[in-house]
Amino acid sequence: MPALVLLGAQWGDEGKGKATDLLGGSVDYVVRYQGGNNAGHTVVVGDQKYALHLLPSGILSPGCTPVIGNGVVVDPSVLLSELSGLNERGVDTSKLLISGNAHIITPYNVTVDKVTERFLGKRKIGTTGRGIGPTYADKINRVGIRVQDLYDESILTQKVEAALDVKNQMLTKLYNRRAIAVEQVVEELLVYADKLAPYVADTVLVLNEALEQDKVVLFEGGQGTLLDIDHGTYPFVTSSNPTAGGACTGAGVGPTKISRVIGILKAYTTRVGAGPFPTELFDEDGEALRRIGGERGVTTGRDRRCGWFDAVIARYATRVNGLTDFFLTKLDVLTGWEQIPVCVAYEIDGRRVEELPYSQTDFHHAKPVYEMLPGWSEDISKAKSFSDLPKNAQAYVKALEEMSGAPISAIGVGPGRDETIEINSFL
Ligand code: GDP
Ligand code: IMO
Ligand code: MG
């Protein structure tokens, strides 16, 4: 029963979509277990480029069943337009399964996301504005709407009433907005019921039976470790658990079933939205990483903040996820630098600190301590094996591996499926 978890080891956008797609050809199920359409996963197959938000990246592998687990929040309009966009390009999406327990992002959750961000002013999180936080808040407050509620109009109406009761007071009295009518929301949601019906399933049962039958299941995280609500740079985080434990709760699979946890790790660091980022660059190196790496958000189109590799973060990701492997991505982007700084520790108020501080204040004060590693100038995008890499690129990978605490089992040297050096097999 090989069950693999694949997740982001930094602040998201590490290349999870590419890595999942690469493995998709050899696995039976790919499962999203948290997050929603705040995610933006780019997959390049031949000369075709796909941007996926809610659908697991395994959707592009014909033999693979894509699953949206109970821990995901689903915006039905986004899901349906993503499905029809893929259908128009000839992708068969008929195998998709959606958990009846997944929560629905309603139009009022999107409204609340936008108004609360506006009210936070300079303290805003810089969310994607897709209603993610408010939908998880409703889930925890026990006033959420689940996919299964679409199939009982009376229950749906009662639940929308309960959810809007307090929200309408808040919208009208605090935020100076118009109240949202219950009937209008119910009517809008009911339109999705028939369209989603063919996909809705007891995904917990399906996945556990698949594991019993020795099928290969890959759990694909959205976002990254440092955006985790519990283990990330709170409050500048998303509202779910991208870390490995999230795969268990977000898909209904016990921890004893997980055999491998793969951390996707960019050869440098990026972040979107607000929050601390010790190795962030504000100079021409940062600009160059952004330009060469194409660091622009797939979901919001925002420029990503860029900086050097941070080994303190990588070590932390190994620890909180129990990583068994790393998949190092975008090594090709670093070609051309004479020397590449790597953050090996932080200096915090005059002290050298080797591990991620639990205190938010300390992390905000952390200054990177850099070690300089020699760069390379040869084009590495055609490299097929580790020995094809220039000596300095090999040494860079080895140094990162040593500092990060888990073996680097694959290396990305370009966005395409085949632009990958496989060192240890994942299956
Ligand atoms: P995700 O959210 O983790 O799936 O990552 P994104 O898709 O948001 O961002 C990663 C970007 O890097 C995408 O444009 C990928 O096509 C691209 N990419 C992934 N791996 C590599 C790589 O090894 N080299 C290069 N140059 N680009 C890559
Ligand atoms: P993928 O799956 C990078 C960030 C937002 C914001 C914070 C909270 O492509 O790696 P939210 O809308 O989730 O409440 O916003 O989280 N964020 C991401 N950053 N990649 C993502 O997804 C992200 N999803 C959310 O920018 O800072
Ligand atoms: Mg992304």
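Placement of Cβ uses the backbone N, Cα and C atoms for every residue, glycine included.
Among the candidates GLN158, GLN213, GLN223, the residue that TrEMBL annotates alongside ASP13, GLU14, GLY15, LYS16, ASN38, ALA39, GLY40, HIS41, THR128, ARG142, THR238, ARG302 as binding IMP is GLN223. Summarising the environment of HIS41 (active site, proton donor), the number of other Cβ atoms within 10 Å of its Cβ, over all protein chains shown, is 26. With respect to their backbone Cα atoms, LYS18 (GTP binding site) and THR299 (substrate binding site) stand 16 Å from each other.
Nearest neighbour of THR128 (IMP binding site) by Cα distance, taken over the recorded positions GLY15, HIS41, THR300, ARG304: THR300. Of GLY15, THR299, LEU331, all annotated as binding-site residues, the residue with the shortest Cα distance to ASN38 (IMP binding site) is THR299.
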